[in-house]
Amino acid sequence: MPGARHKILGHVLSGFCHKMNRRKPIYGDCLETPLNRCLTTFDITLLGVGHMVGAGIYVLTGAVAHNMAGPATALSFLLAGITSTLAALCYAEFGTRIPRAGSAYAYTYVSIGEFWAFIIGWNIVLEYMIGAASVARAWSGYLDAMLDGAISNATISVTGELHETLLSKYPDVLAFLICIVASLILAVGVKTSAYINNGLTILNLTVISLVIFLGFYYADLSNWSQKNGGFMPYGFSGVLAGAATCFYAFVGFDSISASSEEAKDPTRSIPIATILSMAMVAFGYILVAIALTLMVPYKSINPDAALPAALGAVHADWAKYAVAVGAVCGMTTTLLGSLFSLPRCLYAMSADGLLFGFLSDISNKSQIPISNLIISGFSSALIALLFDLEKLVEFMSIGTLLAYTIVSAAVIILRYRPAPPEEKGFSPPHLDSPIDREDSSATGTPGTDGGSSSSEMFEALTVGRLRPQYAWLEPLAGGRAPGSAVTSCVYTFTAAAAALCAHNHFLAEPAGLWALLPDFVLTFIIVACLVIIWAHQQSPLRLPFRVPWVPLLPAASVMLNVELMVNLNALTWARFTIWMTFGFLLYFLYGIHHSKLGEGVAGLLSRSGSGTAHSWGAVDKTSSLARRVGRLGRGSKSDDRKPIISDDELARREP
């Protein structure tokens, strides 16, 4: 009996692990959707720009210049922009592969598995919710400051003060109403809300251009001289500290990939919009930082109202009103971007069965998940009403960095994973070693695509396997399923990078060579993983956009994001653990049992040109082509059904 119980328990655990690691197929017509595909490249670009260029350019620039980097704030924005661009390129490639709502959640579901996809989706929900609430409170606080505290004083006189630790000083009714109004704007329809976002973003960019022009017009190069501290008064460490803060100014480009399911031509629009918006935002931040520090010495910058104070110092007081208009427009577009992306992520998770089904209901009139939008808007409004978001803003960064890390790692995994037969039209033969593959390339291997060259055919047949010139790695990485060695190396690389960053972060002072030994070992593991990944054959699959220099660029993105995560404080990690506990309860009590992959039913999309209801989200563990190839290898259909021991042979064996 104990042995039977152990077998049953092992079977249950094995099935549980299989469910957690099941991946979503990506074949089928990914462009078919119940949502309204109406967004152009211009709309999506301005959506990303508006989400990134919010109040940060009016507030963050002055705070970093005054407290961290001085005139070298421009270098801080440059480093932060490069770091964000690495992750943005990975998002752009996935946007061409998987033009679906859900952003990093959908990408993780396809490349890594269901459990990690749920973790990413659950954190993205929190990121957008807190992001929308924080912007609403900033909007309210900015208007209150312009009115000399009239709104806050009137509210406190009616409701009194709240004396709880996590709650705000007073209930911010205006922030609550701002979230509700933004939700109503988005409820009208995606195209109408895109027009509003475009107008506000263009107005904001006009104001930023005016500030840059005035900054260079009133520039005084002596503000960068040694008597005022020089260009880099806080040293390179100040530049790095400023870059860590400036990094969060670029958070928001993932709203571009969240709009994939409503783009007219996502395979073209998503990569173009991603690159254009990142370039525009980085260029704008750098120029504003230069203009600000040239107008006034960095020590004289007001960190709370940098641009209005600097314009007043050069006697351009009339421009203060333009800055106020730009700040309001910027905060509104950031709020719209967060409330636009949040329902799309919930919709994608609900459509896959991981969240409650009613969250994926689509309005026939507006073609948006209307009930989803109502819940998202009200939840964000409630958080903005009650909570002190200064303690929660850093909390949202951990989910963002985790999503960037996993998407960057997933690009490497998918690049070295063989495409399923549905995508490439043929099933690769079994090749045991690089030497065997070299022999097969010499003799030629048949394929169905008569237009492809022999070299392309050979690459397609050997995706995820060691290249012939790296046959000496066969004892270490050979004898495994195609792509599995690369996947293991990606996991090992990420764990070693996290350990290296944590060791250097918590090691206060080196205590001799022995303290550096873990660094040498971890660095060796990281380099070895990259060499093994490089030794494998990449997929030759042609995409409208592919990340260059794989695996180096995605690996650099993983390293930088892990470094930023390690530097978050312990309280942020504690809050993250609490939030994930609720997520685990939801997944293991509901999501894992209602997943569409577990049901094996048709999900969102039907395969084009097929009479059966195969979908982008449905499970088809063994394709018809694979079954035919398998039967061909085993023999005829009648032979396949013969018993292992015939009745006559069994009778002869009986005593």
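Every residue gets a Cβ built from N, Cα and C, even glycine.
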Worksheet entry | transmembrane segment according to TrEMBL, located in which of 44-66, 481-503 | 44-66
Worksheet, complete the sentence: Best-packed against the transmembrane segment (72-92), counting Cβ pairs under 8 Å over 231-251, 272-298, 318-340, 572-590, is stretch 231-251
Practice prompt. For the transmembrane segment (572-590), name the stretch out of 231-251, 318-340, 370-389, 395-414 with the most CB-CB pairs under 8 Å.
Written response: 395-414
Worksheet item: For the transmembrane segment (202-219), which stretch among 44-66, 231-251, 318-340, 395-414 has the most Cβ pairs under 8 A?
Response: 318-340
Discussion item. Quick check for me: are there 3+ Cβ pairs below 8 Å between the transmembrane segment (272-298) and the transmembrane segment (231-251), leaving out pairs under 6 residues apart?
Written reply: yes
Practice prompt. Residue list, the transmembrane segment (395-414) vs rest of chain: Cβ under 8 Å, 6 or more residues beyond ends.
Written response: 86-87, 90-91, 93-94, 97, 103-104, 107-108, 110-112, 116, 119-120, 123-124, 126-127, 130-131, 134, 248, 251, 254, 483, 486-487, 490, 494, 533, 539, 547, 550-551, 554-555, 557-558, 561-562, 564-565, 568, 572-573, 575-576, 579
Worksheet item: So which residues does the transmembrane segment (104-125) touch in its own chain, when a touch means Cβ under 8 Å and the partner is 6 or more beyond its ends?
Response: 19-26, 91, 94, 97-98, 254, 257, 341-342, 345-346, 348-349, 352, 354, 398-400, 402-404, 406-407, 409-410, 413-414, 417, 579-580, 583, 586-587, 591-592, 595, 597
